[in-house]
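Engineer: Per TrEMBL, the features are:
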TRANSMEM  B:7-24  transmembrane segment
TRANSMEM  B:44-61  transmembrane segment
TRANSMEM  B:68-86  transmembrane segment
TRANSMEM  B:92-116  transmembrane segment
TRANSMEM  B:123-140  transmembrane segment
TRANSMEM  B:160-180  transmembrane segment
TRANSMEM  B:210-228  transmembrane segment
TRANSMEM  B:248-275  transmembrane segment
TRANSMEM  B:282-306  transmembrane segment
């Protein structure tokens, strides 16, 4: 297996989206027949790299070398034709079709009459393909009845049926439960023994160490390590992943911790279990954790978007029961979603309308709007946030990501919210806007308001928060004072399942 | 620039149609009588289209308005004749009118509740109520019309020379435009249509507002129904077959988007008048009602196609 032959090589790949440099000068070499792991924090550029491999994006610079030829894929069909198959996190199977129908979708074995396909040959081909790679599954089963790990297998077989030689797997275990993870890892190993080359994207480090031979670590769009995994332990990898200098754009402020603002005890739902913590007035608390650790669910529970099954929430000492977002708003909670386009903004509506939408009753506009007042208020808030727009009537879609985020944060200023719950407040926005947003959060905390910030960006959490809560698989596993801990420690708590290592 | 073109386009087309007809048929078209006539004829569907504007801006659609038009008329006439015999007193006629309006509101409420509470897609929910209401209207009186010969005021009455139905139409337009622009309810209507999830996150009570929107649509259909009934002094269980399509066409020609979040009352009125003037012009030019359908169809498709085109180029610019 130690053959040095490269199945695929990327040389100096760069890709920018507008001013944002997603990946820069990325070079890596995937050896034939090896499992090559690609790790990095959220936003490090993993998915961009993957989409370039898939032919969805074209690099601004650099080449991909395959079979000794350099090539640029302009369409997913071209990368598939070159033998590279990308298996996305959100699987692309048709749930109503059977395993065999999904695998051969679009390339069904021909039947006797033109325009027909032979069901029998399709079933046989499915069985032999599965046997060849050491899997045992019923080709007639409908995909919707399969557990997530088996769906991954179907997805892999689908790629193999299209003669893929290199499989790019994106977070294959993210939708799996504990038991399924080991089944999936087993499958990946089996694929390698059957001769496939695998680029395995994950940020669950224990998985990576368990199966991969080679490793590439991305940080802020650049390769910080690429080479054999031998001799590397989890602490080394963690250091590569987060070893970023804290930029000095985080506001310095004196912490004036007040009384308890929010007390959460024993909060449980389907995705979070028995979460308890306290948040004081004037405090900024960060919530760290991997994707799927339950951070977003926690935020949704605290702002009435999802019902809690157990546990209680008190705000300022008073028990509250939030069943709708309107309840949460009237408790003084302002939630800013992680997905501003899908659930935050009404994109076709004027920016000012988006700012005032949750605040109309508080502004004395329970029945009638006062457009003049609304306009001047929006303009004032825009000024306070250094929001760049052509005016209050600009539709929200015409603003940049950072300015869109400011519209949502502006709501907290307008509503005089006391408690901010921000889910990934700086995802996908530029540095200047980030700085403005950090300043705003700091200013609000200085006024005695409290903020709970869910973020995958550890330097950000360390820069702005007083305390950090760490979540893993739906549980709160640590409550740390920021000044007394390190990014490595938090990353280890978030990424490493002690039970399984 | 494109935005301006897009907003003025329906209005411009309306002016163009009026100008062409004025030049072509000055003596029969360009008279106060003819214009009042067109307004009177557009009042029923126009009032219904105002209600539909709210529904479409919220991202929904109400296919049941044609059936509801018949049902409201039947209920109004049924109450009048049932309580007051063939020549009901003014009080009984007023009561019957109220019954017609109430029927409309209830009909809209039911559609709204199906959409908001049972989460049925508006198209499917109102496809169901469309059949339901038509069925009730037909069964009520064995498919026979109910005549109320003395119920003339709304259809034929006039105030200072202006038909009552036209005055009601204008009042509805003004009130609806104000509600849409200056009330929280109007604002929420846009927000729900633009992004229902974002509206929910922002504390908008989606189900309540949706039910209110469909109820308002139903109420305005009820108003249209009593005017229509008064004009023919009888309630027809087969009235308004296909009316929902004309009503939706008016809203869409007026620049509303079926995917929600976009539309205005003035746009809808311009759309409704455009259809009416085209019909009127075709009639004056001796084009048969069958051939008129072709003209209307072409206009609808052109209006929406141009709208899509200007939207796309506007999007590309950014």
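Cβ atoms here come from the backbone N, Cα and C positions, even for glycine.
A quick note: this is a predicted structure, and the numbers were derived from the prediction, not measured.
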Engineer: Determine which residues of the chain contact the transmembrane segment (B:92-116) at the Cβ level, with the cut-off under 8 Å and only residues 6 or more beyond its ends counted.
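Structural biologist: Contacts with the transmembrane segment (B:92-116): 51, 60, 62, 64, 68, 71-73, 75-80, 83-84, 122, 125-126, 128-129, 133, 148, 150-151, 154, 206-208, 210-223, 225-226, 229.
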Engineer: Determine which recorded stretch among B:160-180, B:210-228, B:248-275, B:282-306 has the most C-beta pairs below 8 angstroms with the transmembrane segment (B:68-86).
Structural biologist: B:210-228
Engineer: What stretch, picked from B:7-24, B:123-140, B:160-180, B:210-228, B:248-275, has the most CB pairs under 8 A with the transmembrane segment (B:44-61)?
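Structural biologist: Selected stretch: B:248-275, with the most Cβ pairs under 8 Å.
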Engineer: For the transmembrane segment (B:160-180) and the transmembrane segment (B:248-275), decide whether they are in contact, meaning at least 3 CB pairs lie under 8 A, counting pairs 6 or more apart in sequence.
Structural biologist: yes
Engineer: With pairs 6 or more apart in sequence, are the transmembrane segment (B:248-275) and the transmembrane segment (B:123-140) linked by at least 3 Cβ pairs under 8 Å?
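Structural biologist: No; fewer than 3 Cβ pairs under 8 Å.
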